[in-house]
Each structure stands twice: as structure tokens, then as C-alpha cells.
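J.: In case it helps, Swiss-Prot gives these features for our protein:
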| type | residues | note |
| --- | --- | --- |
| REGION | 1-29 | region 'Disordered' |
| COMPBIAS | 7-28 | compositional bias 'Polar residues' |
| REGION | 23-158 | region 'N-terminal SAM-like domain' |
| REGION | 159-225 | region 'Linker' |
| BINDING | Cys235, Cys246, Cys249, Cys251 | [2Fe-2S] cluster binding site |
| REGION | 235-251 | region 'Fe-S binding site A' |
| MOTIF | 296-299 | motif 'Cx2C motif 1' |
| BINDING | Cys296, Cys299, Cys307, Cys310 | [4Fe-4S] cluster binding site |
| MOTIF | 307-310 | motif 'Cx2C motif 2' |
Amino acid sequence: MSPITLDLTSDFNPANTTGAGSSSSQPRTLLVAPPSVASHEERISALFSTYPRDTTDLHMLDRLAAGLVTLPTSTYDLILVLTDPDGSRHAEASALLSNRAVWSLLVPALKAGGKLRSEDGTLGRDTTTPEAREAVLAGLVAGADGFTKPDYAEEEAVPLRFGLKRKTNPNPVVAPIQPVAQVVTAAPAGVGFVTLDLNDDLDLDGEDDDDDVIDEDTLLTEADLRRPIQQPPECQPKPGKKRRACKDCTCGLAERLEAEDKARRDKADQALNTLKLKSEDLLELDLTVPGKTGSCGSCALGDAFRCAGCPYLGLPPFKVGEEVSILNNVPQL
């Protein structure tokens, strides 16, 4: 049985990213590969023969998905997903790229204007795949050869100067004003005044013709006049209540109720007038004349003929010529 050797070194080697042979002007490349690529050393050796080791980094997709790797920000010009040129590992890479945590690490590490593509060239062609949707949601733009990170210009604060503190010249030089000859043009006849005839439209002379006014009654036929008036449901009185007209009554109920109230008031006034007594209808009590009685017909005849509420109840009959006055409902003889 052959011995098993474990490689415990980190995949991210800082010496490779900041080596003596690297330069900030040289484009940097990040290779991301599915886990199955790690078992093929010849495959990795062939990749580093194409991409220089001093400007290229290699990471595994499963370690990116697990959050075990930290990538520098805005460093790589190209991120290449290894799937083999024949696409034999495309399904494995697509499954890992469907994880949003992978894109949250790859997109910040990509420079503005940098590209992210797959080795077989199929990544980004179909924008309906799960990995394409995650790339677009992360901020990349799909293209024919993969995805591109937009180059957004950095925000800059620009001060606004409104010219409030402008320096003024204490002795400004004023250019002489050249006199301009005034050109006088004669107005043509009929121009320059307006004559208004207000009598044509406003009819201020008081003569108003009703030629354009249509009488509404002429629009009704005999059948319309004989037709009974349809009472609206809202005008119908509720049980136990008096029928009342609406505020904007148009069915004639308000006029009819007003006429009924007026007739009722006239009848009540007529009945009230019949109960009023005139001066000649009043009977004056004159005790100086023998045989005269009060309005009740028995006040001067004695106690037996006085009313129940008479203040002189219990007193003897009045004498002829006797003056009688009442003060506070008390007889004063």
C-alpha cells in the first residue's frame, strides 16, 4: 500500500501575489476550479505553463463556498472558472457557482472592467441558468464571452460656488454709450386703436329676445302630463313618521306640502278670529245700576251665585253704588 501524503499548506500564497516579479501594471488572473481538478497534477501544471505563476492565483470552488478563503479587493483582471475545454466538469462547477456566497467573494475581488468567464466559454451565454442569475444579482453584466464588472466612476464631491464673494472693481471703466437714432414709423390707417361694440353681444340696451330659449313645458306631450309621478324611494316616509320632502326636491312634494301647511294655517287663523271678542261684545260690570251683574251673571247677587274661584266668595252681596277693587287677589271693600 502506497503512503498517503497530506498537503496542509494554504492554497492562497501571499508570496505569489506580492512577489518580486509582480507589478501593479501587470494583469492578474484568478483560477477557480472544482474539487476534482486537485487530483490531476498534470492539469494544474499545464495551467501554470499558460498563466504565469507570479500573476496567477488558484483556489478551489468548494473552499470559496465554505468561506475558508479570503480574496483581496479589486485585484484580478480575469477570473477563469476551470471546467476543461471539453466541458467535462461544467456540471460540477455550475453546482458550486449557484451558491451566492461564492459570488460575494468573486465579484469584489474583480477589478472594474474585469471579466469572469469559464474555460469552455459557455458561462454567460444562457442568462436563465442559476449561476447566471446569481452573477447578475451580484452586479455583473452578461456578455458573449462571460460576465463583465461595470466600471462605475467614483463619486466625487464638487463644491458649488454661487459667486457670493466676487471681487468688484472700485473704479470700473464704463464704456461710453453711443446715441442711437430713433426710427419713427408712421402707423398705417386703422392700426393703433380698437373700437368695441358692446351692444352686439352684451345686449345692454335692455331688449332681450327669447328666441333661443326653449320652454320646458312644450317638450312634454299629453301622455307625459297624464303619466303619474314616480315617487323616489328616498322620498317615501318611514313607518310612524311624517312624509317630508328632500332639500333638493324636484318631484313637487315640497310645493304640495307647503300649500297644505299654508291652508292649515289659514284655517287655524280663521278659527282663532271667531273666538276673539270685540269691545262691544264685552259686558261691563257697573254696580251703580240696579240689576246689573257680572260677566258670570251672578257676582252681584251674593255668595250663593259666586263662582268657585271668585275672590269675593264668602262675602255678602254688593250694595248698589259700592266701589270694589282687588289687590293681590284680596278683596278691598
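Quick reminder: no glycine exception, Cβ is built from N, Cα and C everywhere.
These figures come from a predicted structure and were not determined experimentally.
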J.: Over the region 'N-terminal SAM-like domain' (23-158), work out the mean pLDDT and round it to an integer.
T.: 84
J.: Between Cys310 ([4Fe-4S] cluster binding site) and Cys246 ([2Fe-2S] cluster binding site), find the distance joining the two CA atoms and give it rounded to the nearest Å.
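T.: Distance between the two Cα atoms comes out at 54 Å.
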J.: In whole Å, how far does the CA atom of Cys251 ([2Fe-2S] cluster binding site) lie from that of Cys307 ([4Fe-4S] cluster binding site)?
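T.: About 58 Å separates the two Cα atoms.
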J.: Work out, from DSSP, the number of helix, strand and coil residues along the region 'N-terminal SAM-like domain' (23-158).
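T.: Split into helix, strand and coil, the region 'N-terminal SAM-like domain' (23-158) gives 49 helix, 31 strand, 56 coil.
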J.: How do the residues of the motif 'Cx2C motif 2' (307-310) split into helix, strand and coil according to DSSP?
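T.: Tallied per class, the motif 'Cx2C motif 2' (307-310) gives 0 helix, 0 strand, 4 coil.
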J.: Would you count the other C-beta atoms found within 10 angstroms of the C-beta of Cys310 ([4Fe-4S] cluster binding site) for me?
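T.: Result for Cys310 ([4Fe-4S] cluster binding site): 16 other Cβ atoms within 10 Å.
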J.: From the DSSP assignment alone, can you count helix, strand and coil residues within the region 'Fe-S binding site A' (235-251)?
T.: 1 helix, 0 strand, 16 coil
